[in-house]
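Engineer: So TrEMBL lists these for the protein:
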TRANSMEM  12-32  transmembrane segment
TRANSMEM  333-352  transmembrane segment
TRANSMEM  359-379  transmembrane segment
TRANSMEM  385-411  transmembrane segment
TRANSMEM  432-452  transmembrane segment
TRANSMEM  458-485  transmembrane segment
TRANSMEM  521-541  transmembrane segment
TRANSMEM  859-877  transmembrane segment
TRANSMEM  889-914  transmembrane segment
TRANSMEM  975-1002  transmembrane segment
Amino acid sequence: MQIARNSIERPLYTWLFMAFCLLGGAMGYLSVGKLEDPLFTLKSALVITAYPGASAAEVAAEVSEVIEAEVQQMDEVKTITSRNSPGVSVVEVEMRDSFGGEDLPQIWDDLRDRVADAQAALPDGAQPSIVNDDFGDVFGIFYAVTAPGFTDAEIWEISNYLRREVLSVDGVANAQVAGLPEEAVFVEPDSRALFNLGVDPGVILQAVTEADTVVPTGTTPSGGRNLTVDAPTGEDSVSEIAGLSIGFQGEVVNLLDIATVIRERVEHPRNILRHNGVPAFTLGIAGLDSRNIVTVGQAVEKRLKEIEPILPLGVQLHPIYEQHRVVDEANTGFLTSLALSVSVVIGVLALFMGWRAAVVVGLSLLLTVMATFFFMYLFDVKVERISLGALIIAMGMLVDNAIVVAEGMQVEMRRGRKAPDAAAQVAGKTQIPLLGATVIGVMAFAGIGLSPDASGEFLFSLFAVIAISLMLSWVLAITVTPLLAHYFFRVGGLKEGQDPYDGLLFRTYGSLVRGALRVRWLVIIGLLGTTAGCVIAFGQVTQQFFPAANTPLFYFNYKGAQGSSIHQTSRDLAQIEEWLLARDDVLSVTSSAGQGVSRFILTYDPPAVDTSYGQIVIRTTGFDSIAGIRAELDQFAARALPWAETRSEQIIYGPPVGADVEVRFSGPDPDVLRTLGAQAQRIFQTATPDLHTERMDWREREAVTRPVFAEDRAQAVGVTRASVGQSVALATDGIRAGDYRERERLIPIIVRTPRAEVALPGQMLDQIVWSPALSDYLPLDQMIDGFEVVVRDTLIERRNRVPTLSVQANVIAGVTPPTAFAKVRAQVEAITIPPGYSMEWGGEFESAGDAQASLGRQMPLSFGTMLLITVLLFGSLRQTAVIWTIVPMAVNGVALGLLFTGVAFSFTALLGLLSLSGMLIKNAIVLVEEIDAEKQNGKPQKEAIVTASISRVRPVVLAAGTTILGMAPLLADSFFVAMAVTIMAGLGFASVLTLVGVPVLYHTYFRKERRADATAPREVAAAMA
């Protein structure tokens, strides 16, 4: 195919292609969706079931076990975990990695069917299970709203108004409000009135329940049409609830005559939120995945600005996180980095090849990048952190093909060839090897692109962008680059017989190659020795899964004693807030007691609801100040709150991994699990100072008070356990009898004993119990033998239907989890595990292992394809052996670079190492192909090796130099720095391997040709004699 010649002789088509790249790229960049992080599917759903009055053990055995047994029959299930606490079962079902986002809707439908089938087997008293499969929404436009001085009802109205307004904005997918004050309507029957009148408390409960019931409606004919007849609605005011009529024993009384009805805040809310110390609620806004979040965020800001005058005076919105601004700044930073990278590439090329070659290659690079944006738009690859970084990573590789063609044409045209002939000669010789080498470069990244796990999905755009851009670079190198060279390069310039490779660089390098060939065994031994040393040194490199994010936010996590009230949690958080707000380097703090905040970034994993848990989101003046604040904060919290588990936590790029270090023990007996957990916890505490906040996820056992039922006495008067339980429930938190409807809001109606009657612990025995048999009240102390205090588990975790206790810890600042893990692993694994029990590691070790295993499963296909292409290119195993022998040696530069810089070898560095192998193979292929071509032209092997190497030295050095310098902007990016160091240091050494190692290995592997070259002069001399 004469593609290169035709691009010059028929330039119209090439110009049209260039216009398409330029205009299509501009359209693609403006139209493609823009996000902060790449989307990855959370393949988990929650099944939540309330079982009021049940202990954690009863919830686990009677509810979770039933649901887990049914759900486990689904083939798609990977792991089932459950969290069992008094009265609530939360079962999390995680699907296998092999199922993608498009499969999940049907899977969730099947899950709902399974859960529905399990409902019949649930115990009496258990409420219907709720399946939640959309808790993965990201509310990246995240505000705290303060409204001091407003009533609870007014705050609810404000929140509803704000939510309605933002939902009306084009591009908004969802809006979530959290932290609102929680109210209830409390019905408090007067015990004396009930006793005197003989009113069964169940009658009051039934009356309130029926008052709230929505009944079906009907229709009636009216003038040829059907007229809908509505049933009476439930009560719509506290006064109407108080006016309910209660019928008993043939009499009717007004509820107000025997009870007090009040509306007030609940004693134990689920969540208490503050922003900068002021009570607040949060408003989270999620954009559609298909839309540009920058545009959506700007539209939301505009709408909020428009309604600002309408909001009541004193209502303020405080940004906590503005994803659209982060993305916009990232795009601006990318354009700056892109311009810098292109400038570096052009500058290096201009320095070594002249300004004409720099313009030719630079324009080819620009068109490649622009065309990449078009195909990103076409294939719905979003512009986000990973895809932008991929373009910077690919920058140096993109110029490689163009450099080979441009440098070859420049040399041929200086020799006097016209541009079409030079293009045909150079492209005809290199286009197939360059295509094969380009595909190999793409396949080096295919492992992560084909990996189905969360890490693979998170990093898929890395593979997609590099694949698109590299293939485009090859197409432009054999079409656009020849045409541009035709316009910019001059024909001639060399004197007759003058060698175009007669410069100092070429002469010096030629001497180096000849010397290396003479002492080839010393070179090989040196390379092998260096590789062995670097492999050993690699063991000293710090390991890491995913790096910390460079956002100026971090978290503070608090865990009080198990069973702590949410108010105590909130008070303790207030101490931390006060300390933080006194600092100049802290801009804002948002605290949440009882649960985490809304998922405002994709990598945030909201903790489970727990009254003893609290979290603070802290915004600082800059990323660089976080380390110092965290160190001082951890010290202050340890002094101020010694009874609590406290730790600061930095935001991590990549999928959530849970605790830094975690070990799980599974088995039937909670006592045995706690014994094993205590041993592991002691090891975490004593084996290394690198860990802190060592804890067990079951927490400490909790003291529980319960009545001792006197069955004989109770049965004699017709009192049941249920009657006693009802009396105790009324005297404590009360019984939820229904809901009070206030437009869009449901307010619980709770029947309870007046608080004054149970203000003191001893007053519990003074309560009365209804006897259905006697239709009368009896003292509670006659039905029970007092109260007993028992200690039991109030939090039981299960994994795949087996009770599982996890021991967790986090690393101190400056230490990576693998470093701390290595110090405790041997001692923990030495713990004696009884028969019937098991131990396994979790945390980052498990997540990293799963990601690497998933990547490893793709590597045979990836490297197998690369190896096959190499074999097909040469049709020989020896050339393939030359090329692949140097691949393991790529580790040399990587180890030295990471050790010198102190950067950890993370999962992204692993990808960099794989991509480095592709770059190394690509350069080696072109060099070996050139050596073979020189040999086919009749040159002896040694001379062919030297000549081919000299002709390749400038393209190899330039490609390596442009790649290394072009990636320099990524050194400031905490996510890509490890990959950048890996590729930059590795490629520097890989260039030596290409320019020295490949010639030496070629000369060694082709022994017969070498001997033939040596005997040829003697045979000629003998023939002449």
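Any Cβ shown, glycine's included, is placed from N, Cα and C.
Those TrEMBL annotations? Automatic predictions, nothing curated.
In terms of burial and nearby residues, how do these features look in this structure?
Structural biologist: Proximity of distant same-chain residues to the transmembrane segment (359-379), defined by a Cβ-Cβ separation under 8 Å and at least 6 residues beyond the stretch ends, is recorded for 18, 20-22, 24-29, 31-32, 338, 342, 345-346, 349, 353, 387, 391, 395, 398-399, 402-403, 406, 464-465, 468-469, 472-473, 476-477, 480-481, 484-485, 488-489.
Distant neighbours of the transmembrane segment (385-411): 4, 36-38, 330-331, 334, 337-338, 341-342, 345, 349, 353, 356-357, 360-361, 364-365, 368-369, 372, 376, 419, 422-423, 425-427, 429-430, 434, 438, 441, 458-459, 461-462, 464-466, 469-470, 473-474, 476-478, 481-482, 485, 489, 500, 653, 912, 915, 919, 922-923, 926, 951, 954-955, 958-960, 962-967, 969-970, 973, 975-976, 979-980, 983, 987; these residues of the same chain sit at least 6 beyond its ends, with a Cβ under 8 Å from one of its Cβ atoms.
Here the transmembrane segment (458-485) has Cβ contacts under 8 Å with residues 3-5, 7-8, 11, 14-15, 17-18, 21, 37-38, 40, 359-361, 363-364, 367-369, 371-372, 375-376, 379, 381-382, 384, 386-387, 389-391, 393-394, 397-402, 404-406, 409-410, 413, 419, 422-423, 427, 431, 434-435, 438, 441-442, 445-446, 448-450, 654-655, 908, 911, 915 of the same chain, all six or more residues outside its ends.
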Engineer: When only pairs 6 or more apart in sequence are counted, do the transmembrane segment (859-877) and the transmembrane segment (432-452) reach 3 or more Cβ pairs under 8 Å?
Structural biologist: yes
